[in-house]
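J.: Shown below is the structure under consideration.
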């Protein structure tokens, strides 16, 4: 019921919304980043982080730190918070929260399948998986030889099963296939999530659909850019785009035809929102595109907190925390490898 | 009257030579009377001079935590007590901690390896037992079947039962199909078993036989070292590809596979071997554990000492980080607040530090003049601390402001008792708090629960509250709502049998004097009881309220005199006291006059018509001659007081400001140097605050309106004293009449006991707990709002010295 969420939202969602807003208050600010950027060693970073909400997670780490430990512990905090919220949540918020993790599940599946293709140790691969995207039988993925087996053996039990309907083939798995599988899955996932949010209605659908559209458009652009110069046909490329978003459907047709980055840029500049992003980049420069997109995303995610009584804050919080962890990883890497001059290139300031 | 105004504070500068800085900080921390200002707030924590030491302490704390963790795991109690008995060198401690950590980690890792192989063997043993049992039962089944077959027909089955199971049978039956039937035995976690089975089924398309036997007791998992519920499984399959798949699935599920011989004889042999090795391992592990326990128990007595030493060291370095380093790097400069009375102690501590570190230069301690507002510091003890906390919860007093806590010590329990007047309940409360007081030593050293610690920290408040409520209970003459003629018999006697329902006319006064102390017990139970008590308590509430508000206004005079703020005295205090007393002070006097003379005047009428038609005659409501003219005078005074409060102060402030700015323009023309210096000084002050007339005026208007309206509403607010006291006595009489007296009437022991239990629980739960709480909250409100808003600004900040003692408490 649009406009009436305020009346009933707090019955089930009030506590968790308060929790998530509290967590958001713990996100690092520009001042924190400035201080972190001045760190000389990883121990300095630890010392600074111990004054933030990450403190309890890092305090028991013995001193020669590694970047991976920092990232791992910071992720652990996010996972703990997420699990706490998930256990407290009722329907439909719990389903919504689960939807947030499906993206990580897809990434994890792809990671393990690719890893086994290259005959890497499964346990080593499992450690690299994002803990939010873990599911019970994830390790069994290594058994599968092709898409059909993958589906039949493992994925049929996971929430991702319906998304597989479009990509079941008996072909053996190879790099290209996996990448196509990832994108098909993502497409199905985003569409499903989009539909689910539409069904929820109210401010949730309004904000979430906007955020998801942005996500879908970003993926479409990335797919277009990455598939330039590969064997992927135009029709196949077109099939990987999610069927919603600002670019749908005309932008998709045009993107499918693009042959180089400047053509993509030409297509995107027709859309005022994306025009601003591309305006920041000079011609022919595609490396900075990711950061530009991240910055735009963070801006939109922060705006989600401006409204009350909707679920998008949970999505936004998890995404912002992930961005923060990416920032921390970048800073730690720069500090560890003595590349302090590049430290500002990778940080997406959240506040 | 130490508590009346906060301690004198000085902003002091310390110039400490680097070599004695550490000692100085340690002594100052032990003294705990110096609040350092952070002079490096623009620097991030790791850029400061002592960041390395802080980091080092953090690392040591981590090691201490690790050791504590190990102690807790091994179940060795940590002994406390010998704190601060000896000094420990921090460098030695660091070396020691590092050694211990390395030693323990190596012990742990070796024992982990041992434990791992131990639990692996244990699992293997389980597999041998369980799977062996399964094979045995299948074999005996098969044998029985064969016997049946032999008996039922002459057809002889070729193969012998003794030969290993299934495998050969299959092969013999279908020799054409050369599929080898193999099996894998192992253990898998119980929670994963269904999924494991499902995946096995799917992966092999059902061409698999899974046999599972649950293990009764949780087993140690070799990989994680945790106890888990597990099952032993046996998978039978055919073909190499299936085997590969199953192996992979086993790996993915974290199932431990074990080689399992088919031959029964071999099984027995392996079982023996495994048992023997288990025994050996057990002995080794025990020896390892004993070694570890020895190491741990040797540190158990010291660990707390180390912990506090490292924490202090960290605090010292943390404070050192707040000092700014001199350009020459020879000394540290610190600034901070300290009470004037503590200056000798601080200087003494600094001297000791300089002496002990053999420093040539003494630490320089000098007082700096400042306009900054000093922190507020009250020296409290365990008795008045709780009362100070009540006031502090509203706001910390401005430096040198009158401290309402002094009056709160008496007025707070008194107002509480007015609402809680029952000497029976008072005695219960007193007993409870006396128990707390007798166990004070025990409780203050241990950690208490939330509610308990709250009650314990407010024990002296509760003590006074209970004593005062015994007193007011005696005045109200209530003991669990039963009146007692303690102070002689009633001053009345019944003229006829309708006494209990009679009005005052039914009672005849026997003694000329009124009842000696408190309320005459005869009122209790009469139909006029409520009318009488309400009138009494209502008037009493107004008297108490007006008295307390007057006290509040007089305290604002104290503030005005102390801070030499003439404006506040003449244009705030004087009109306020006139306004309040012209209206409600007058009402109080009327009440007392009415009590003394026994007049029947209607005070409501008097008060209301004093406003509505002040010139009208009072007729029967006149209490004393000339009352009408007095009233008109008072009303005029009150009316004059309102603009008096409102206009002069902002206007005078404005004219002062204008004069000052004029003086600023012309000050160069004056020749007296002294004047110029003075003026400069004043200008400094005024420059800090921009003078905005409209703002000042609006502010004053709000204050005046608040006071005028507040005078009415606050007086009305004091009526809560009556309301709460009424509610309390009514509730307790309901519990007494409707529960205890009612059940008493049944003359049945069981019913009486039940009735008494209900009465006791209702009294404890509702009257002693909830009523105490509500009366407490109302007393709190009366203090915070009605009393303190007359004079208390509460915009100061608390003196929070750098001290080891408070640091230890926070832990």
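Glycine too: its Cβ is placed from the backbone N, Cα and C atoms.
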J.: Quick one: sort out which of B:27-54, B:55-82, B:83-110 is the coiled coil according to TrEMBL.
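T.: Result: B:83-110 is the stretch TrEMBL calls coiled coil.
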J.: Tell me which range among B:744-768, B:769-793 TrEMBL lists as transmembrane segment.
T.: B:744-768
J.: TrEMBL lists transmembrane segment for one of the ranges B:414-438, B:489-513, B:514-538, B:564-588; which is that range?
T.: B:414-438
J.: Between B:540-562, B:655-677, B:678-700, I'd like to know which one TrEMBL lists as transmembrane segment.
T.: B:540-562
J.: Look over the recorded stretches B:540-562, B:629-647, B:744-768 and say which has the most C-beta pairs under 8 A to the transmembrane segment (B:414-438).
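T.: Maximum Cβ contact count belongs to B:744-768.
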J.: Within the same chain, where does the transmembrane segment (B:629-647) have neighbours whose Cβ lies under 8 angstroms from its own Cβ atoms, ignoring anything closer than 6 residues to its ends? I mean 6 or more beyond.
T.: 571-572, 574-576, 578-579, 582-583, 586, 610-611, 614-615, 700-701, 703-704, 707-708
J.: Counting only residues 6+ away from its ends, which parts of the chain sit with a Cβ under 8 Å from the transmembrane segment (B:459-476)?
T.: 382-384, 386-387, 390, 409-410, 412-414, 416-418, 420-427, 429-430, 432-434, 436-437, 440, 486, 517-519, 533, 725, 729, 772, 776
J.: What is the pLDDT of the coiled coil (B:83-110) when averaged and given as a whole number?
T.: 80
